[in-house]
Amino acid sequence: MSLGGSETAKKPYVSIDDLYRKSTQFQMWSFTKSALEETKKKANENGTKVAKQRLLNEYNNLKESNRTLFEQYPQELNIDTIFDPLTFEEEQKYLHFYCEKIITTADFFNMATQVKATAMSFFKKFYLVNSVMEYHPKNILYTCLFLAAKLEYYFISIESYCKILPKTEPKDILDLEFIVLLSLKFTLLVYHPFRPLYGFFLDFQAVLLHPSPLMYDVNVDKLGHLYNQAKEWLNKYAIISYVGFMFTPPQIALAAMYDIDKRITNKYLQRKYLREQLDAIKEEQDEKKGQDEQKHQDEQKHQDEQKDEEVTDDNQSLESQQRTQYETIVRTIVKCIRIAKAETQTSLQESKDIDRKCFFTLNPAKMMNKKIKKLSSGTE
Amino acid sequence: MTEAETDTENVPQSKYTKDKKVGEGTYAVVYLGVQKHTKRKIAIKEIKTGLFKDGLDMSALREVKYLQELRHPNVIELVDVFGTSNNLNLVLEFLPCDLEVLIKSKDIMFLAADIKSWLLMTFRGLHHCHRMSILHRDLKPNNLLLAPDGQLKIADFGLARGLGNLNEDLSSNVVTRWYRAPELLFGAKHYTAAIDIWSVGIIFAELMLRIPYLPGKDDVDQLDVTFKALGTPTEQIWPNVSNLPLYNSLRVYPPPSRQELRNRFIAATDKALDLMISMTQLDPSRRCNTSQALLHEYFTELPSPTDPKNLPKNKPNEPTVESNGNTTKRRKVE
Ligand SMILES: Nc1ncnc2c1ncn2[C@@H]1O[C@H](COP(=O)(O)OP(=O)(O)O)[C@@H](O)[C@H]1O
C-alpha cells in the first residue's frame, strides 16, 4: 500500500498481501484443508498415546494390589476394554462445544470482539498442538481468554476474573499461561477479518457509488446495512470455525459480504477485477502508442501494424488472466463460506458423554477405582 | 503437562551462553551471551516472573507479540524466545550502545550527515512498524539502539500496540514525557501514528541541540514547555482541539517565527527545518507520515547521510567489531 521510502529503488510497491505473507499467522498457522485435518488428527493420536500411558501406569499399580480381582474379571479388567479414548470426531465435537463457551464467557465479561476472536484463535492453536486428553479444555479456555484480554488491551486482574468464573483459582490459570504460550510458539499477534471488512465497506462505496451509483438500488445506507450484517456473519460463523487457518483475513471478510449479498459483492468484484484493470491497460496502450509516434516516423506504419497485433494478443491473454483471477477469488470465497458454515452440531447429551469420557482419560485412577469398587462389591 | 515443557526445557537455552549481567530494566534482567553455533553475540532478556501478580508480564508479552512480526534492519531482531521453568527469555541481537549515550557524550561531535543518517534509519524502521499498523508509543533516544556496524535499531516494544480495532479508546498515558505529542498531553483517547512522528521530531531536535528539546518537569509543565517552544494551539490551527479532555485555558504563546527557529537550530538547513516543522505540527493531522518524511528533500540534499559504519561510536578505547582508526581520529579532531 505504502511506498517504502528509499527501499523504493529496489521494490517499488509493497502490498498488504506481501506484508501478510511475512506474518507468523501466514508462515506458521496457515494450512490447506487437508493439512489442517492431518494436524488435528495427529494431535488426537498423540493425545491417545499419552492417555494410554497414563492409564497403563494406574492399571499396573492397581493390578499389583488387586491381583485376585483382576484374575477374577479378566474380561472387565482388560486394559483394552477399559481404555476408551476420545475418537477424532469426538474430540472435534468437544472442542467445538468449548469454542462456543469462549463466546458466552467473553460475552459475560463484556469483552470486545477482538479479545473473543483472539482467544478463539489461541484455543484452536493450542489444540492443534495438544489434545483434550492431555489438557482439559475448561482451564485452557479460561487461560486463552485471560491471555487474549491481556494482549488485546482489555486487561482484567486475575482475582476479579476468577471471582466470576465457576470453581476456578488464580493458580489454575496462571500455571497454564506459560504452557499456552509455548504451544502458541510465542506467536501472539492474530489478524482478524474485521479491519479488512471495514476497508471493503469503504472501498465498496468508492467503487459502487462514485462518481455515480452503478446499481439503481444501492446507496450508502444499503452498504452500511450490508457491512453490519457481514460483521454479524463474522461473529457467527468465521470466528468459531477454522477459516482463519485456511484463508486470509480479506478473503474471509469478502466471504461474509458475498454470503450476505451476492449480487452487490459480485458487482464490486467484477468492477474491481475485470473492468478496472481493463481501463488501466487501455491507458498503458495509449501511452505506448504515443511514445512510438514520437520515435520513428517512417517505420511507423509498419511497426504499428505489428504492434497492434501484439497488443491484441496481450490484451486477450491479460483479459483471460483477469478472468481467471476473478474466478479464483470467487471460488475461494465460496469455499470459505462453505467451510465456515459447516459447523458440527453437538447435542448437550453428546457433550456430556464426551465430557465424561474426557474426564476419565485425564483421571484414570478415578475411573479404575470406581470399576474395582463396583466389581468387588458385586462379588460379596 | 510436561510434554511441551521438556521439549523446550533442554534444547533452546543450551544454544546460548549467558555470560554476564549487563543491565536491569523495570521488568527484566539483561545478560550478554553468545549464540553457540554462530558465535554471534546476543543479549538475553530474562523476564522477571512472580513480580506481576497477574501472571506473565504484559510489557514482555507485547514485546514478544510485536517483535515476532517485525523483521526489519532498523528494528531490533528477536532471535529466539524460550522458557525455563516459567521464566520467559527473549534472545535479542546484541546492541552495545544507544543514541542517548551518544548525545550525552559531549566529546563526540555529530556531523549534519551523521544526524541525517540516524534520522533516516529511524524513519525506515518506523515506516515498517507503521505499515504493519503498529505504533511504538515510546520513542526516545534511549530506545534507539546502535549495532556494532552502526545500524540504528528501534527497540523496546513494551508499550507498543496495534491499530487493530476501530474506534476503541486508547490510553493517553504513553510515551516518556519529553517526547509526548500534544494530543497525548491533552488526554486524547483516539490518536494515530502521528504520535510517533512527533517523538522523532523531538529526537531530531535533540540530536542537533545535544540537550533535550522540551524537558518538562511534570505533566503540567510539559504543556507549558511545549507551547512556549512551538506556540499554543488554537482552534484555527488545530480544529476541535478545545474538545480534548485535558484542554483548558492555557497561557497563549505565539508560534515561533521561521527566524526564531533558525536561531534555535543554527546548523540546520532550510530543508532540515522544513522536515522538523512538518514533524512537530501541533495538529496531528497536519504532521507528515513516514512515507512523506522518507521522501523529504532533506534526505536527498547534500550532505548525504553518513554510511552507518562510519558513524560515531561510543567507547573509543574499547574496539568494537567494525571500529577502525578512521572513526576514532575524526572524533578527536572535531
Ligand atoms: N539488545 C541489547 N544489547 C545489549 N544490551 C542491552 C540490550 N537490551 C538491553 N540492554 C542493556 O540492558 C539494560 C536494560 O534494558 P531494558 O530491560 O530494555 O530496560 P530499560 O529499557 O528500562 O533500560 C539496558 O540499559 C542496556 O544496557
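Backbone N, Cα and C atoms are what each Cβ position is placed from, and that goes for glycine too.
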Listed alongside B:Val22, B:Gly23, B:Glu24, B:Gly25, B:Thr26, B:Tyr27, B:Ala28, B:Val29, B:Val30 for ATP in TrEMBL, from B:Lys45, B:Lys53, B:Lys65, B:Lys104, is B:Lys45
If you tally other C-beta atoms within 10 angstroms for each of the binding-site residues B:Val22, B:Ala28, B:Val30, the top scorer is B:Ala28
Largest C-alpha distance in Å for the ATP site residues B:Val22, B:Gly23, B:Glu24, B:Gly25, B:Thr26, B:Tyr27, B:Ala28, B:Val29, B:Val30, B:Lys45, as a whole number, is 14
What is the set of residues, excluding B:Val22, B:Gly23, B:Glu24, B:Gly25, B:Thr26, B:Tyr27, B:Ala28, B:Val29, B:Val30, B:Lys45, whose C-beta falls within 8 angstroms of the centroid of the C-beta atoms at the ATP site? B:Glu46
Cβ atoms near B:Asp138 (active site, proton acceptor) (within 10 Å, other residues, all chains): 22
Binding-site residues B:Val22, B:Glu24, B:Thr26, B:Ala28, B:Val30 vs B:Asp138 (active site, proton acceptor), shortest C-alpha separation belongs to B:Thr26
I'd like the Cβ neighbour count for B:Glu24 (ATP binding site), meaning other Cβ atoms within 10 Å of its Cβ, all protein chains included. 10
How many neighbouring Cβ atoms, not counting its own, are there within 10 Å of the Cβ of B:Thr26 (ATP binding site)? 9
Name the secondary structure element type, per DSSP in three states, that contains B:Val30 (ATP binding site). strand
Per DSSP, B:Asp138 (active site, proton acceptor) is which: helix, strand or coil? coil
